[in-house]
Amino acid sequence: MMPLAGIAWNLMLLFSAVQGLPLQDGEGTQHPDLLNNPPKGSVEPVALEQLVHQAILKKDFLAQDVFFPGTTAIPTRAAPISLTEGVSDASGVLTTAVGGAFSLPPQLSTLIPPSPAPTGGPGPSPEAEEETTTTLITTTTVTTVHSPVLCNNNISESEGLLEAPEYGGSTFFGGLDCTYSVSVYLGYGVEIRVERLNLSKEEALSIEGLEEDRRFLLANETLMAEGQVIRSPTNHVAVRFQTYRATSPGAFRLRYQAFVLSCVFPPRPENGEVTVTDLHPGGAANFRCSAGFTLKGGESLVCLNISRPEWSGKPPVCAASCGGVIRNATVGRIVSPDISTSHSNNHGNNLSCHWLIEAAEGQRLHLHFERVSLDEDNDRLVVRSGSSPLSPVIYDSDIDDVPERGLLSDAQSLYIELISDNPAVPLLLSLRYEVFSESRCYEPFLAHGNFTTTDPLYSPGSLVSFFCNAGYMLEQGPPVIECVDPADPHWNESEPVCKALCGGEISEPAGVILSPDWPQNYGKGQDCVWGIHVQEDRRVLLEIEILNIRRSDALTVYDGDDLTARVLGQYMGVHQRFNLFSSANDVTLQFQSDSNDPVFSLSQGFIIHFKEVPRNDTCPALPEVPNGWKTSSHPDLIRGTVVTYQCEPGYDISGSDILTCQWDLSWSNAPPTCEKILNCADPGEIANGVRRASDPRFPIGSHVQYSCNEGYTLEGSRTLTCYNRDTGTPKWSDRIPKCVLKYEPCLNPGVPENGYQTLYKHHYQAGEALRFFCYEGFELIGEVTITCAPGHPSQWTSQPPLCKVAYEELLDDRKLEVTQTTDPSHQMEGGNIALAIFLPIILVILLIGGIYIYYTKFQGKSLFGFSFPASHSYSPITVESDFNNPLYEAGDTREYEVSI
């Protein structure tokens, strides 16, 4: 049996350890019944030891601090989340029932304590000697990963205020992630006004519109400013605020209100009209086409009341119809349909269309040919005066030329037939019809021109005067016609036509030159010459608006009044808009089309505007560029002057930044523009790591996140944000980080006495170097530079150096001072004068000294009658000897006698 003292000691340990410990089933501790009725074969001391050990573990366990998500053991830094359940009382796995955090799998380690030392009492029984008991201590490590505290809110009021969370003194370890979701009625949008905005670089604020499952960014913190109004085109927006700061989040205040959404105004179809009853949900848009055109699509659209109001369908189009009946006609057009989309096209590019135009009783029709382009071999146009295919033919394209003056019907109807059979050239047809009364003349028409009249009703006796648009000339008719014969009203002459001529002499201050037959295509084999003449003290400015000719055709511009003048330029093919200046008051233009081109394709032609401008020897002044400036190589813009454009920070130049004044006094390029830069430059990749960008174009507000490969750690900011600057180019929020090997840093070895370091800091990463210096008068003993060598832990390559007094340097400096003082070269000036003055004095002193020595040394008497108790020896102290004493300074090389 164990000694009584040992039993008492064990019981004391047991009660002190188990005090306050609930012993219940399932808690992992020994049941009380085991104390009274131990299992068969067990030994009492072993059971007692296990119970004591478990009690100690239990007490140790319960004494631990409770960890909140994202905290250490410091209670004041706990996140503001209530703890719903404490630590489990089980001695197995430790669990923390806290929302907003998650734990990594526990890491278990088993410790085997040493066996207790044997006591002095009797040993255990033989049965106990055969049974060995091992106590296992299981340690559970719980790693808590911090996650941001959520603070979401759903709002359905039509107006309100959104503000940043208030800081109540709690620590938001892991940051905040707040989403304010605002929803209003369908058919309404959300208008947000920024009343206050004060955020740091570690905070982000974004406003997004929501439409079904799609999100689209409306604004973020880089594009927001106080007073700004942001409108969502849908009835649902989300405001998200994120901060990575643990305390005192930034401030913002957004005031929102609902506003009525509307559909956009529908586009008016070409050759048609649209009327809208209301743009708000429920409103309708009605479409109709002009005569001769058919509506393709719905006649009416409704504005739908959805999250983003929109029309119930796509706007229709007005397509030229292939045939049809036009009753009670007044004024309109017949246009050739598109062969590829015509509903009557059932046989490739074949087309057969029939139109019937009917006027009211007692009226007639006038048909004018505005534009006609037919394939002579495959197209045919027939016009009949009547209402059936058997009516008399008044025009047949296979027989007649195009009637420039138009056609008159003999009755109240016209029957038009168009047939096209795989044409080789595009089919173009535009016929204008007009109804007029038999008691008056019809209204004249002049394509590419206009007219004036004395009677808007065109009654008999009225006069009409014609004139053409710029670039056209009146042909094939008089400039003035008269309505005659009251019994059968008609014009005494046909209307003239306005044509773009092939060449001519022009003596006007401004005008237009068109390619022959513009806007129709010019023919081949043409040679046209235009002469432009302005006042003698002026020159000509040519503005080429359109130049679209074949590559085998040429437009040549001469700087003079004939074809022998200097060539300003020769152009073929297609060119963008440009300008030319003449040096004098005459310019000649020549256009030649190739007559031998076997593959003659249709080309648009050209439009050239001209005007007289002051004659000078400088190029025209260049405009200032918004958000930029220009510099000139010469104050006067003479020939050869170079003008350079530059943009302000935050803007990029678009176009040519260098312009040169050419020989013809025109600029080599158009002035550029400065466009706002909305993207950051590529921050670059990192070695031994990867990056993830939210947008590969790096626009303002985008993010780039960096991470390192295994075995490396990130040094620097993990996330870079592209933010806008009012006065500069968009910039990243921080420098690009780098990935360094995972080594423990070296601690600062300290500063040597009488010395200093460069780049002083507490920790140095592996590979970093530290350099030492000594103050003046001290020399460095040891390595000047030491490096942090990687390892576990990292160590310095050598011990830090020492700073020792530099004795030799001090002596050398003093020798130098003495040498400089006694150097004869410094005493050459005035040496003769000094010798003449002091030489007699020195001789007198030597004479007196000799007499004194004679009497005192050899005669044993005092020269002046004084006696000394003893004669002391003295030794001369020279400069050489005083050099051995660093505290002694000599000023010259003379010897001194010292008597002590």
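Using N, Cα and C of the backbone, Cβ positions are placed for all residues, glycine too.
The recorded disulfide partner of Cys680, taken from Swiss-Prot and restricted to Cys647, Cys708, Cys722, is Cys722. The record in Swiss-Prot lists a disulphide bond between Cys647 and one of Cys661, Cys674, namely Cys674. Among the residue ranges 111-130, 331-350, the one that Swiss-Prot annotates as region 'Disordered' is 111-130. Among the candidates Cys263, Cys318, Cys322, the disulfide partner that Swiss-Prot records for Cys303 is Cys263.
Here Cys739 (disulfide bond) comes close to Ile686, Ala687, Asn688, Gly689, Cys708, Asn709, Tyr712, Thr713, Leu714, Glu715: these same-chain residues lie at least six apart in sequence, with C-beta atoms under 8 angstroms from its C-beta. The Cα of Cys528 (disulfide bond) lies closest to that of Cys619, out of the recorded positions Asn198, Cys322, Asn492, Cys619. Here the domain 'Sushi 4' (678-741) has a mean pLDDT of 88 out of 100. Contact count against the domain 'CUB 2' (322-436) (Cβ pairs under 8 Å) is highest for 502-613, out of 502-613, 617-676, 678-741. You'll find the Cα of Cys322 (disulfide bond) roughly 12 Å from the Cα of Asn350 (N-linked glycosylation site).
Closest to Cys746 (disulfide bond) in space, going by CA atoms and restricting to the recorded positions Cys178, Cys303, Asn328, Cys498, is Cys178. Distance between Cα atoms for Cys502 (disulfide bond) and Asn492 (N-linked glycosylation site): 29 Å, as a whole number. When the recorded positions Cys289, Asn450, Cys774, Cys788 are ranked by how far their Cα is from the Cα of Cys661 (disulfide bond), Asn450 comes first. Same-chain residues at least 6 positions away in sequence with a Cβ under 8 Å from that of Cys774 (disulfide bond) are, in sequence order, Pro752, Asn754, Gly755, Leu780, Cys803.
When other Cβ atoms within 10 Å of the Cβ of Cys303 (disulfide bond) are tallied across all protein chains shown, the result is 25.
For Cys468 (disulfide bond) paired with Asn450 (N-linked glycosylation site), the C-alpha to C-alpha distance reads 6 Å.
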